[in-house]
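Colleague: One structure, pasted below without further comment.
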Amino acid sequence: MSTIDVPRREVAIGIFYVIKDRKKQNIEEYLLGGRSMSAYPVAFSLSVGFMSAVLVLGTPSEVYRFGTMYSWTLLGYVLMTIVVAEIYIPTFYNMQLSSVYEYLEKRFNRLIRIEGTLLYLLQTVLYVGIVIYAPALALNAVTGFDLWGAILSTAAVCILYSTLGGLKAVIWTDAFQAIIMLIGFISIIIRGSVVMGGFENIWRACEEGGRIEFLKFDTDPRIRHTVWSITFGSGFLFMALYGVNQGQVQRFLSCKSVHEAKKAIFLNLIGLELLTGFALLCGTIVYAYYQYCDPLSYGVVERPDQLLPYLVLDIFQNYPGMPGLFIACVYSGSLSTVSTAITAMASVTVEDFLKPVFNWSDKTYTWISRGMIVFYGGICILFAYLASTLGQVLQAAISVLGLVGGPLLGLYTLGVLFPFVNSLGAFFGANAGLAAAIWVFIGSRNYPPSPEFLDQLSYSTENCPGFENATTLSPLATTSTVTETTSYTPPEANLYALSYQLYTVFGFCWTVVVGVLASLLTCGWRDRKTVDPRLIYPFFDHWIFKCLPESFRKCMTCGVNRRSLDEKNSADFNLEDPVMLKKGERTKL
């Protein structure tokens with residue numbers, strides 16, 4: 001498969017939808033697919049929409065360097081999928097939002113909505129910079145592709161098909177890209193197993209090299225990977241991405257019913273588990289193949305994220321076209337992520353900044369949305385330059401997403417689950433969570449964690465030509481360790497050593513705790529009965545709690561009057577126009 005074939009297909013899909021829907025193109029059709037999408041293409045799009053490029057390059061190198069503990073992320077995805085499907089999707093879908101940040105204005109005030117939108121834009125621009133830069137860097141070093149040529153071409157193709165076809169083009173393109181990624185992973189696993197004489201040999205080599213480890217239950221939050229840090233860290237990151245992030249919520253809102261939206265998130269779980277599982281298996285193959293000649297120490301690659309592309313060139317050197325298939329796999333990941341992000345940023349810009357101020361026509365907003373896609377695509381290219389300073393792809397991506405994702409998740413959780421939290425509590429909580437997360441992140445850059453917390457594994461160079469028999473650590477593996485020095489280390493350095501997996505949890509907890517306390521101190525309890533019950537998830541009305549006394553469950557709702565959501569009073573709830581909730585298409589809260 002030619003490396004040009006994939007971008008051509010993306011553009012073709014965009015052109016197809018701009019022609020197909022030219023007569024009914026309005027802002028809802030353009031940004032939400034006319035709210036008519038089925039669960040299957042949306043599920044594919046969700047699976048590859050955020051972690052795809054990072055997944056393809058970052059996860060295998062993670063296994064190669066630190067072992068299989070990262071596989072506990074699969075459990076975190078399962079647990080939090082249930083939470084997202086039961087709490088966040090019904091709440092947002094039944095409100096018929098175009099931007100998830102509309103909820104913040106209805107629940108609190110416009111200031112909180114603007115703050116939430118700005119935080120999202122900052123998070124997304126930084127993350128997309130990593131997504132564009134990382135695969136381009138890896139492919140440049142291994143295949144000789146021009147670095148900035150790869151960056152510019154990736155962004156240009158995404159901008160073109162996203163601008164032409166809107167959300168429908170993005171979703172169907174993502175579905176195609178998910179299939180390409182699966183084929184790429186499966187090809188590597190099959191060929192790698194054949195080269196190594198069977199997967200049992202791969203597993204044995206990983207066991208001998210100390211890469212197989214699953215049962216590290218240490219409770220020290222400074223240790224890079226434990227069962228607890230990965231399960232809860234990946235779970236909360238999943239909630240931040242799939243529960244309250246515009247890029248993913250926009251896809252749920254494009255479904256034709258809340259049932260289809262829930263179905264999409266569970267189908268997405270299957271796809272995400274498969275993609276992550278295959279990436280983990282590819283990591284074991286990389287280690288088994290280079291068990292006795294580490295490419296990093298030998299100097300044939302410069303960064304850990306280049307390991308999988310280098311393996312592909314080795315094992316498929318006699319199979320013309322297969323390296324091209326892998327390159328298509330990597331670029332499918334990058335294209336899907338960038339298109340998801342710039343479409344979502346265009347959507348929130350129109351819905352949160354322009355519509356409340358200007359009374360323009362749908363056609364005008366559609367053209368403005370196209371312009372915003374081009375604008376944000378250009379901004380992301382500029383921020384790709386900053387990605388080179390953030391280290392390994394997977395860790396950098398999770399850190400950036402967690403810094404803002406944790407406080408944003410906490411902000412929405414305050415609104416959805418705590419009726420007595422007021423706008424002051426939300427404001428102080430979100431800012432406290434963001435400040436705490438950024439403080440720890442900056443501190444970790446100035447005072448990196450000591451080697452005892454990193455669980456760095458050893459590499460061998462005994463079969464490398466020109467090397468004497470030795471077991472060594474890759475020089476790149478120690479870039480985040482603390483060198484021996486007599487300089488002063490402050491007591492708070494222990495906090496700075498917090499595992500990067502827990503940044504989302506850390507920011508979330510600060511936001512919720514400070515938000516609850518600030519609301520209680522500012523008499524938020526007095527206003528709890530005036531909150532529209534449709535903005536609050538009826539947690540204790542769930543069938544799980546039906547066994548509890550009704551008086552206790554009523555007390556736990558903080559006095560919020562739970563009105564029924566039948567057609568008689570559903571028109572009372574609107575953001576701009578009355579929205580009738582049709583039976584059989586909208587689930588009741």
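For all residues, glycine too, the Cβ spot is worked out from N, Cα and C.
Got these off TrEMBL a minute ago, pasting:
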- 39-57: transmembrane segment (TRANSMEM)
- 69-89: transmembrane segment (TRANSMEM)
- 117-141: transmembrane segment (TRANSMEM)
- 147-167: transmembrane segment (TRANSMEM)
- 179-199: transmembrane segment (TRANSMEM)
- 226-244: transmembrane segment (TRANSMEM)
- 265-290: transmembrane segment (TRANSMEM)
- 325-346: transmembrane segment (TRANSMEM)
- 367-387: transmembrane segment (TRANSMEM)
- 393-417: transmembrane segment (TRANSMEM)
- 424-442: transmembrane segment (TRANSMEM)
- 500-525: transmembrane segment (TRANSMEM)
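Could you place these features in context, so I can see how deep they sit and what lies close by?
Modeller: Distant neighbours of the transmembrane segment (69-89): 59, 62-63, 213-214, 216, 225-227, 230-239, 242-244, 249, 252, 258, 261-262, 265-266, 268-269, 272-273, 276-277, 280, 412, 416-417, 455, 537, 539, 542; these residues of the same chain sit at least 6 beyond its ends, with a Cβ under 8 Å from one of its Cβ atoms.
Cβ atoms under 8 Å from those of the transmembrane segment (117-141) belong to residues 53-54, 56-58, 99, 101, 147-148, 150-151, 154-155, 245-247, 301-303, 305-306, 308-309, 327, 330-331, 333-334, 337-338, 341-342, 344-345, 348-349, 352-353, 376, 379-388, 390, 393, 396-397, 400-401, 403-405, 407-408, 430, 434 of the same chain, restricted to positions at least 6 beyond its ends.
Distant neighbours of the transmembrane segment (226-244): 46, 50, 69-70, 72-73, 75-77, 79-81, 83-84, 87-89, 100, 214-220, 265, 268, 398, 401-402, 405-406, 408-409, 411-412, 499, 501-505, 508; these residues of the same chain sit at least 6 beyond its ends, with a Cβ under 8 Å from one of its Cβ atoms.
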Colleague: Looking at 179-199, 367-387, 393-417, 500-525, which one has the highest count of Cβ pairs under 8 angstroms to the transmembrane segment (424-442)?
Modeller: 500-525
